[in-house]
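I have placed the structure first, in the form of structure tokens, so that the comments after it can refer back to it.
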Amino acid sequence: MEKAEIGLIGLAVMGSNLALNIAEKGNRIAVFNRTTSVTDEFYESAGDLKKQIIPCRTIEEFVEAIRPPRPIIIMIKAGEPVDQQMAALQPHLSKGDIMIDAGNANFRDTMARFDRLKDTELTFIGMGVSGGEEGARHGPSIMVGGTEESYKRVEKVLTSISAKYNGEDCCAWLGTDGAGHFVKTVHNGIEYADMQMIAEIYGILRDGLGKTADEISKIFGDWNKGRLNSYLIEITEKVLAAKDPTTGTAMPDIILDKAGQKGTGKWSVIEAQNMGIPATAIEAAVAARSLSSMKEQREAAEKIFGAPTNEFPMTFGADLLNDLEMALFAAKIGAYAQGFAVMAEASRQFDWSLPMPVIAKIWRAGCIIRSQFLDEITSAFTKAPDAANLVVTPAFSDMVKESLPSLRRIVSAAVTAGLPVPALASALGYFDAYRQARGTANLIQAQRDFFGAHGFDRVDGKDIHHGPWGSGAQG
Ligand SMILES: NC(=O)C1=CN([C@@H]2O[C@H](COP(=O)(O)OP(=O)(O)OC[C@H]3O[C@@H](n4cnc5c(N)ncnc54)[C@H](OP(=O)(O)O)[C@@H]3O)[C@@H](O)[C@H]2O)C=CC1
Ligand SMILES: O=C(CO)[C@H](O)[C@H](O)COP(=O)(O)O
């Protein structure tokens, strides 16, 4: 039998669709899944693409079915399963074979895997893939980490399956070892912030203004034709319009308000904190998901404190809708600025040379945060690749100036009405602090010096670094 050019392990949502995508692009692919019935079902449902697919029931059979040197994509549950799968695979591989972990790995695990394989004749790639089921099937965004030489060996197949934006591949080599998985993690951190901010605007419309799911769906539909045009706004319109087939109720109204999370948002925040880079909107979004999961505590607290009773202090109409749209836009700029700032610092700390314009480019299509907006980020970073922050680039500083008053009005109104808007408020607080030349940390420095003799720098540059706190000061 003619051998496959590539192999793929893991036939759940992502792996099965990626395998069909690879097969459809004319590549012969061998597939394997731990539970063999899944492999059988996948093969049986592959239709015309069956002729491109070699279903394998054992690892030995799988490795044998691929022409060496073998590129093997591992698309399984992230974490320990990947180490187990790699350990099971490794004894069967030979010189030059490439294991490609395409799941949502923590980049620190990816670095450790590179380290473990460095004295072997095998090659490893850590690759972030975004786009969910549809992206995997028809064109995901692909973020590759590893040696450039190893990327060159798989570039043709990866670019053949990736999404395209105006004919350009949404697939790129981003740097060595954990670079690809780091970028995917930050992508997801931004995704969390984007989703949370959309949910907060939905909350204002539902709880502050009494709008139905259908009415809110139409509003998001209108916004999707403007500057907020994006996949997440598009699906928000759709999910709000969907009805429960048995009751006819709007789907969002029958879904429990507890958000799941698998870790990538939290990792973005942990790494941002480790590096001292503020990512306040992402932090707020992760915390909001955690708070959402405390359903019983929230129900008990509402019994004690009551639901908010203050009216939303703005009248529904075109001006308010414009403010809501612009507020979401301003907050979105903040979240993306924070995500890119986190990647810029990681690039320095891990010596990756992450190409910011390229990252923005490959996120324009295929991935969950895809949008027109990312094309504007691409051009801002292309013109100013070393900008300290997206918000100070000429194009984005103009957008912030235009949209910030709306964000301020909406956050103020939501706070007055007692509606939670933690991510919108965090983005606003970030802008306000970022553009404040003289902040209030002078007082914190004085307090630190008072209680801990930690010292401070003076505004006049003089060489006296402790205060005259006298006998009240603690050592
Ligand atoms: N779902 C999504 O939208 C996206 C997911 N990802 C990432 O892609 C990867 C795959 O995601 P998804 O398709 O949702 O699947 P899941 O994360 O649900 O993982 C299920 C797959 O992992 C396999 N698996 C689990 N444990 C082991 C193990 N110990 N050894 C071998 N195989 C194991 C399962 O095999 P079995 O059938 O035998 O149980 C199955 O094929 C994950 O890392 C995920 O985070 C990335 C982007 C989007
Ligand atoms: O990577 C993805 C999208 O880009 C996956 O869908 C991921 O599972 C999303 O994260 P979470 O499950 O934590 O919401």
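Note that Cβ sites are derived from N, Cα and C of the backbone, with glycine treated the same way.
ASN104 is the residue from ASN21, ASN27, ASN104 that TrEMBL records in the NADP(+) site together with GLY10, LEU11, ALA12, VAL13, MET14, GLY15, ASN33, ARG34, THR35, ILE76, LYS77, ALA78. The annotation in TrEMBL ties ASN104, SER130, GLY131, GLY132, HIS187, ASN188, TYR192, LYS262, ARG448, HIS454 to substrate, and of the candidates under consideration, ARG70, ARG153, ARG206, ARG289, the one tied to the same site is ARG289. For LYS77 (NADP(+) binding site), the nearest of the recorded positions by C-alpha distance turns out to be GLY131; the candidates were GLY131, HIS187, GLU191, ARG289, HIS454.
Within the set of recorded positions ASN104, LYS184, TYR192, ASN104 have a CB atom less than 6 Å from some atom of ligand 2.
Screening the binding-site residues ALA12, ASN33, GLY131 for a C-beta under 6 A from any atom of ligand 1 leaves ALA12, ASN33. Closest to ASN33 (NADP(+) binding site) in space, going by CA atoms and restricting to the recorded positions GLY131, LYS184, ARG289, HIS454, is GLY131.
Under a cutoff of 8 A between CB atoms, and with a sequence separation of 6+ in the same chain, THR35 (NADP(+) binding site) has no neighbours. Those residues noted as binding NADP(+) (GLY10, LEU11, ALA12, VAL13, MET14, GLY15, ASN33, ARG34, THR35, ILE76, LYS77, ALA78, ASN104) have their most widely separated CA atoms at a distance of 21 Å. In the shown protein chains, 24 other C-beta atoms lie within 10 A of the C-beta of HIS187 (substrate binding site). Around ARG289 (substrate binding site), a 10 Å sphere centred on its CB holds 19 further CB atoms from the protein chains shown.
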